[in-house]
C-alpha cells in the first residue's frame with residue numbers, strides 16, 4: 001500500500017513537468033504582444049517596453065524562460081503580474097473561494113444525487129423513477145448559463161430567497177445558489193449512476209441471502225444494496241472534485257465570484273502568462289491528487305482491491 | 001470403496017404420513033412470471049410435504065421450477081414472480097399472503113436458506129463474521145459485542161470452518177469456495193430454524209469438497225433436528241442425501257416417494273429417463289466408449305488407430321509456471337500450475353484428464369492447443385513439436401486440433417448467425433467456394449443432429465444443449481484429427497449431457513477422431529474415456545485404462561474422488577435403460 005502511494009506520488013513529477021512545459025509553450029505561442037498591449041491606445045515607448053520585457057525575462061529564449069519559471073516554482077516564487085502583485089497572492093485569494101464553491105457543489109450532488117438515485121433504483125420503472133430520469137436528462141441538456149440565469153431570476157429576483165450574486169468575499173448563503181447551479185449537471189450523472197448501480201445490485205445473490213437471513217428491509221437496503229452501489233459513485237464524485245474546480249468558470253462569471261475561473265479568464269485575455277501557467281498547473285495538480293484519493297478510496301470501499 | 005452414507009443405514013426412517021403434523025405443506029402451488037409475452041406459469045400446481053426433521057429433495061433439470069418453488073416458501077421470488085394460487089402452510093401457519101414484517105420474522109428464524117453459488121452469495125465488502133452476526137441479530141439474538149463474536153465463531157466452527165475466530169475477520173475473497181459454503185451454512189443455521197432450504201448447495205464445488213460439506217451438513221441438521229429441503233439437479237446426490245424424493249418437470253411434480261423406491265422402480269417416463277441418464281448411477285453399468293459406440297474393428301484400422309504406439313498427441317514433461325506478483329514491486333514467486341506432466345493420446349481414442357479445480361488440467365489442455373507456451377517440456381502432434389511451429393505451420397496445426405469449451409453461452413458469438421459461426425473456420429482456411437461451404441455447413445448440422453434451418457438462427461434462440469452441438473459442429477468443420485473437450489458437457493443438464501456424450505461417441509466412431517477430454521466429473525469419464533490421467537496440484541497421480549482406474553484405483557486421491565461421486569454408494573438394481 002505504501003509502495004503504491006509512493007509510486008503514485010512519484011508520478012506527479014513527470015506530470016507536473018510535462019503539464020507546465022506544454023502550458024508554457026502554448027501560452028508562449030499565443031498571438032499578440034501583452035507588453036505592447038499594456039500601454040492601451042497611446043502605447044509605450046520602445047525603451048519602456050524593453051525594460052518591462054527584461055524585467056519579466058520576456059526577451060530571453062523560450063526554454064530559458066521556462067527554466068527560470070521552474071526555478072521560481074521550486075523556491076515557491078511564482079513571479080509577479082504586470083501590475084506588480086505576487087502571483088502567489090492572487091492564487092491565495094482565488095483558490096479558497098473556488099474550493100469552497102466546489103466542495104459545496106460536491107456535497108449537494110452527493111446528497112441529492114445518491115438520495116434520488118437510490119429511490120429511483122429501488123423503484124425502477126415507477127413514476128418517481130420516470131420523472132427523475134426525464135428531469136435529469138433535461139438538466140444534462142440545458143447549458144449551465146441558462147440554468148444560472150433562470151435560477152437568478154426565479155429564486156433570486158421573484159422569490160427573493162437567495163442573493164443573486166456573490167461579490168467579493170462571498171459567504172455560505174451567497175454561494176448556495178452558485179453551488180446548486182455548478183452541481184446540477186454532475187448531480188444528474190450521479191443520480192443516473194446510483195440508479196443503475198442500485199437496480200443492478202438489488203437482484204444480486206448476496207442481497208437475496210441477506211433477505212433470507214431475516215434482515216429487515218431497511219438494513220438490507222443500506223448495508224447490502226447501497227453500500228455496494230456506492231463504489232462506482234464515490235469514484236465518480238472524487239474525480240468530479242477536480243472537474244468542479246476547473247469547470248466553475250461559467251458559474252463564477254454568472255454570479256460574479258472572484259474565484260479561479262474569473263481570474264484565469266482575465267489572465268488569459270491580458271496575457272499574464274505566469275499567472276495562467278501557475279493557475280492551470282494548480283488545477284492539474286488538483287486533478288492528480290483527486291484521482292489518487294479516488295484510487296485509495298476505492299481500495300477502502302472494496303476490500304477485494306489491494307494495491308501493491 | 002468406503003461408503004459413508006448408505007440408504008440402508010439412513011439415520012431418518014421414512015415417516016408414515018398422518019402420524020406427525022407436517023412441518024411444511026405445499027398444496028396446489030402456482031407461480032407466474034409476468035413477461036413481455038404475458039403471464040408465464042412456471043410452477044403449475046405443486047404439492048409437497050416435509051415432516052419435522054425429515055429430508056426431502058426436489059430433483060429436476062434447469063427450468064423445472066424447483067428453485068422457484070423453494071424460493072416462494074420464504075417470499076424470495078425473483079423479478080416479477082408471484083404466487084397466483086395454492087397454499088404454503090408452515091408449522092400450522094399460512095405463509096402465502098403474509099405482509100413484509102411477518103415474512104421477515106419467518107426468514108432466518110423459522111426457515112433458513114443455504115443458497116446455490118457460494119461465490120456470489122456473500123457480500124464481498126463485509127467481513128464473514130459480520131455477515132454471520134447479521135443473521136443472529138436480525139433474529140433476536142441478545143448479547144453484547146463479545147458474546148456476539150463468540151457465538152459467530154461457534155457457528156462457523158460448527159459449520160466445519162477451522163480456525164473460526166481468525167477466519168471471521170476475513171473477507172469472502174480470502175475464502176475458497178468450500179469455506180464460503182461453510183460460512184453460508186453457518187448463516188442458514190444461525191438462528192436454529194426448523195427447516196433449512198438447501199438450494200443446490202454444493203453444485204459449484206469440487207466433488208471431494210461437496211462430499212465433505214454434505215456429510216457435515218447432514219450430521220449437523222440431524223443433530224439439531226432440522227428438516228432439510230434439498231434442491232438439486234443431480235438424482236444420485238438427491239437419492240443419497242434425502243429420504244424422500246420429489247421429481248419436478250416443467251413446473252409439475254411428476255413423481256414423488258421414498259428415494260429408494262423411486263430409484264429402483266421409477267414410474268413416470270421422465271423419471272425413468274433421468275434415472276438411466278444420471279451419470280453417477282449409469283456409470284456403474286456403462287463400459288468403455290468403444291463397446292458403446294459399436295466401433296467396428298475395420299473402421300478403426302482404416303484410421304490407423306488400432307496400431308499400437310501410434311499416438312497423435314504426445315506431451316512430454318510439460319511444466320508451466322506462472323509468476324505471482326509479490327507484495328513489493330518487482331518481487332514475485334513462481335506458481336507451478338502444471339508440473340512435469342507426460343501423457344499420450346492414441347489415435348482414435350479418448351484420453352481423459354481428470355482433476356479438481358486448480359489441478360492444472362485446463363492449463364495442460366491449453367498447452368496442447370498451442371494457446372499457452374510451456375515453461376519446459378514439449379507437446380508433439382503427429383511427431384512434430386507444437387511449441388516450435390512457425391506461424392504458418394501453426395495455422396495448419398490449428399486446423400487439425402480443435403477445441404470445444406465448457407460454457408456454450410460464452411463460446412458462441414451472440415451477434416453472429418449459426419451459419420456464419422460454422423462457415424467462418426472454412427472461410428478462414430480458404431476451403432471451397434461459397435456453395436461448397438454452405439453444403440458443408442448443412443452436412444455439419446446433420447452430423448450433430450440439428451435441422452438445416454438452424455443455420456439461420458442466432459445463439460440466443462438455442463438451448464444450452466443445442467449450442468453445445470453447434471460448438472461441436474464448429475470444431476468438426478475443418479475435419480480435425482484431435483478435439484480438445486474442456487469441460488464440454490459440465491454445464492449441461494443430465495439428459496442433455498447424455499445426448500451430447502452419445503453424439504461425441506458416435507462421431508468418434510464415424511470420423512476416427514481422437515478426444516482429449518478435460519473434466520472434473522469422474523462419472524462422465526467412465527462413459528466416454530478409454531484412458532484416464534488423474535491430476536492433482538499440477539502432477540499426474542494416476543494414469544491407467546478407464547476400467548482399471550474405476551475398478552482398481554491405486555492412489556488414495558483417486559479413491560477419494562471415486563467415493564465422492566454422488567450416488568456412488570447406491571445400488572440401483574436393474575433399471576430399464
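Using N, Cα and C of the backbone, Cβ positions are placed for all residues, glycine too.
As stated in TrEMBL, the feature transmembrane segment covers range A:172-191 out of the listed A:72-91, A:172-191. Check TrEMBL against the ranges A:41-60, A:101-120 and you find transmembrane segment recorded for A:101-120. Which of A:204-229, A:230-255 counts as transmembrane segment depends on TrEMBL, and there it is A:230-255. As a quick check, the transmembrane segment (A:12-30) and the transmembrane segment (A:172-191) miss the bar of 3 or more Cβ pairs under 8 A, pairs 6 or more apart, so the two do not touch. Distant neighbours of the transmembrane segment (A:275-301): 1, 5, 8-9, 11-12, 15-16, 19-20, 23-24, 27, 69, 73, 78-79, 81, 87, 90-91, 94-95, 230-231, 234-235, 238-239, 241-242, 245-246, 260, 263-264, 267-268, 307; these residues of the same chain sit at least 6 beyond its ends, with a Cβ under 8 Å from one of its Cβ atoms. When Cβ-Cβ distances below 8 Å are used as the criterion, the transmembrane segment (A:230-255) is approached by residues 98-99, 101-103, 105-106, 109-110, 113-114, 117, 144-145, 148-149, 152, 164-166, 177-178, 181-183, 186, 189-190, 193-194, 197, 261-262, 264-265, 283, 286-287, 290-291, 293-294, 297-298, 301-302 of the same chain, each at least six residues removed from its ends.
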